[in-house]
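Peer 1: The structure follows.
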Amino acid sequence: MPHITGNNEADLKVSILGAAGGIGQSLSLLVKTQLQVLAGSADKNLKLALFDVNKDAVNGVGTDLSHIDTQVEVSMHNPQEGDGINSCLKGADIVVIPAGVPRKPGMTRDDLFNINAKIITQLTDSILENCDLTRVVVLLISNPVNSLVPVMVNRMSQKVNHKNTGIEKRVFGVTNLDLVRASTFLREVSEDKIEKMPYVPVIGGHSGETIIPLFSQNPHSKAVPSEKLGPLVHRVQYGGDEVVKAKNGAGSATLSMAHAGFQCVVKFAKLFLGGEKEFKGTYYISLKDFNNQPIAKNADALLPLVNNVPFFALPMTLTLDGVQSVDSDIIENMNIHERKELLPICLDQLEKNIAKGLDFSA
């Protein structure tokens with residue numbers, strides 16, 4: 001099937017790898033229907049490039065989306081036709097990756113990791129071959145994020161000839177769904193009348209007990225009965241299991257993940273389109289650059305507070321150049337329970353997750 005194309009030059013190009021999957025389809029719909037409005041870009045030329053290994057599925061999704069009456073131009077790419085992933089990635093400003101396989105019955109976590117790590121390695125190589133590494137932003141959704149971001153960053157470190165591209169400052173594990181859940185669940189149980197969705201910092205990693213929702217840093221948590229705080233933390237940590245159970249094992253958190261991922265796309269789109277010069281967000285990142293130096297301002301202060309784990313999710317300030325500074329104070333501001341009970345468990349598991357990713361790509 002031919003690509004659907006318009007003008008050759010785009011003010012912003014968003015490429016989605018794994019666009020025909022459960023998250024990818026919903027995310028593609030949001031980009032096609034909402035990005036132009038939310039990014040304040042009515043007069044801009046926006047392109048959405050969809051890639052998937054499933055030819056029929058991605059061609060179907062792309063054609064379906066192309067009928068929607070917005071000015072975002074859609075193209076479809078697959079390995080069997082044309083230039084495949086290369087044309088999808090050329091000129092991309094934002095690359096979003098929900099590609100990979102979900103965990104299926106009988107599949108161990110190691111099975112899942114090994115399959116998805118191979119996929120992410122291949123996609124990383126394609127990004128390195130086709131994208132402007134001094135510019136492109138990579139948003140990694142594929143699980144397990146705790147291990148796959150190290151796979152990607154380590155692969156880039158091995159392959160990038162010139163280590164001054166700064167690409168390691170623009171590779172982000174998307175943990176925003178944890179913040180979305182923490183906000184939603186706090187509003188449900190707080191005895192305060194909360195008109196706006198509350199902001200709850202969530203740090204650490206993106207699975208189970210590596211997820212640390214810092215409810216102590218939102219004043220509305222004081223209106224939560226003490227006996228409900230523990231279950232509230234657990235619900236954020238294992239929210240994905242809640243969705244899988246509700247779908248009777250036939251699916252996972254695709255709609256809410258697409259929403260959380262799209263929020264990240266909008267923020268970066270505003271940077272590229274000139275609507276904002278910087279923003280604050282929470283992502284899972286490498287804390288060190290390719291020269292083994294702290295990745296950004298305050299990372300040197302953060303590292304000893306988190307046992308020098310090389311990857312961690314926390315609030316940060318971002319520009320077109322990537323991470324500019326990290327909020328190391330967030331650790332100092334944790335309450336005693338969060339710092340003495342939740343953080344050590346997180347770091348112990350996170351170290352193992354990171355080691356698995358680095359060992360794979362060694």
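Numbering starts at 1 and runs along the chain as it is shown here.
Positions of Cβ are set from backbone N, Cα and C atoms, glycine also.
TrEMBL does not curate its annotations; it predicts them automatically.
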Peer 1: Gly18, Ala19, Ala20, Gly21, Gly22, Ile23, Gly24, Asp52, Asn116, Ile141, Ser142, Asn143 bind NAD(+) in TrEMBL, but which of Met156, Met197, Met257 does that record place at the same site?
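Peer 2: According to TrEMBL, the candidate sharing the NAD(+) site with Gly18, Ala19, Ala20, Gly21, Gly22, Ile23, Gly24, Asp52, Asn116, Ile141, Ser142, Asn143 is Met257.
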Peer 1: Can you give me the Cα-Cα distance between Arg103 (substrate binding site) and Ala20 (NAD(+) binding site) in Å, rounded to a whole number?
Peer 2: 17
Peer 1: For the binding-site residues Gly18, Gly22, Gly24, which one has the sparsest Cβ surroundings, going by other Cβ atoms within 10 Å?
Peer 2: Gly22
Peer 1: Do me a favour and check the Cα-Cα span between Gly22 (NAD(+) binding site) and Asn143 (substrate binding site); whole Å is fine.
Peer 2: 14
Peer 1: Tell me, by DSSP, whether Gly24 (NAD(+) binding site) is helix, strand or coil?
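Peer 2: In three-state terms, Gly24 (NAD(+) binding site) counts as helix.
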Peer 1: Return the count of C-beta atoms lying within 10 angstroms of the C-beta of Asn143 (substrate binding site), excluding that atom itself.
Peer 2: 23
Peer 1: Per DSSP, to which secondary structure element type does Asn116 (NAD(+) binding site) belong, with helix, strand and coil as the options?
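Peer 2: The three-state answer is helix.
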Peer 1: Taking the residues the record says bind NAD(+) (Gly18, Ala19, Ala20, Gly21, Gly22, Ile23, Gly24, Asp52, Asn116, Ile141, Ser142, Asn143, Met257), how far apart in Å are the two Cα atoms that sit farthest from each other?
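Peer 2: The widest Cα-Cα gap among those binding residues is 18 Å.
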